[in-house]
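**Student:** Supplied in structure tokens, the structure appears directly below.
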């Protein structure tokens, strides 16, 4: 079966730049990679075809030979040069596949924030801090205890027994990665012997057993600013896990979680609460005290107030942590129906009900609803 033109395989023009070639190849590699298409022979063949095309066209000398003589110019069996599999001037597939694998798995190779071998940054930590509403609104100082990894003191974080030191890994030569040949291309992976550090411990420290770090719990003081809310994060720089091989320490992120309040519900900078009132206060009007985070305030209830009526107390909400004026407190009225009535109270209510008969002006919503019901059944 005749081979397809390499430019056609990659879907580019003959005069395409190196960047365009790389972009086209990366797109095809992502699409047809075996990890994305398990047990798909067609995709596997397309992947190999794209790999072969890119290895030729990304090498200046091979590309020149191909442009002049076609496949014969690069096929060793026909006297062409090079072949495939990575001579010194071959394509740098490790860079491309590093990008491809990053897209597959959501991160770079080697993990942890370090480079190839050598020092690596310590991991960041997360601590969930529970606060009540008053603490979140006003701010507070809290001591927390966090389990973490710190540098081993006897070996000063090297992992090697005192008087000795780590040695260069003979498997990877101190790089921390090894190259694996897979068909037409080679990829790099973490060295299985040194686990990416580039060095090995021949005489490990007795305290940390060669790890260079030990577990320890630290007590830290956290200053919580006023106005924080659930999901807000406070970063404590350098309070995460210690790095390895002398790498920098990670950070600690304190994540705020505000517990539910018995009276108030919070929505951003505004607070909400339900205010129960008697039906007599609702009908006749009155004045009552309602709670706020700053103490009690008087709320005037106009006569004829209905359940669901909302009263706004301006500035009685929360001042946001990122600045701006305080929000409001929204008071939702809930009219209570009296229970456990005495005989005299029932008599008075009966008299009151009788006095309302045939006078719909006292209950405009109810009269309108009943009129709607009558029209509904009249239309059936």
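Glycine is no exception: its Cβ is also placed from the backbone N, Cα and C atoms.
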**Student:** Which is it, of 224-245, 246-267, 268-289, 290-311, that Swiss-Prot names as region 'Disordered'?
**Tutor:** 224-245
**Student:** Can you tell me how the residues of the domain 'J' (5-70) break down into helix, strand and coil by DSSP?
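**Tutor:** Reading the DSSP string over the domain 'J' (5-70) gives 48 helix, 0 strand, 18 coil.
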**Student:** Taking the Cβ of residue 155 (Zn(2+) 1 binding site) as the centre, count every other Cβ atom within 10 Å, in any protein chain shown.
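**Tutor:** Its Cβ shell of radius 10 Å holds 25 other Cβ atoms.
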**Student:** So for residue 208 (Zn(2+) 1 binding site), how many other CB atoms are inside 10 Å of its CB?
**Tutor:** 22
**Student:** Using DSSP, would you call residue 208 (Zn(2+) 1 binding site) helix, strand or coil?
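**Tutor:** In three-state terms, residue 208 (Zn(2+) 1 binding site) counts as coil.
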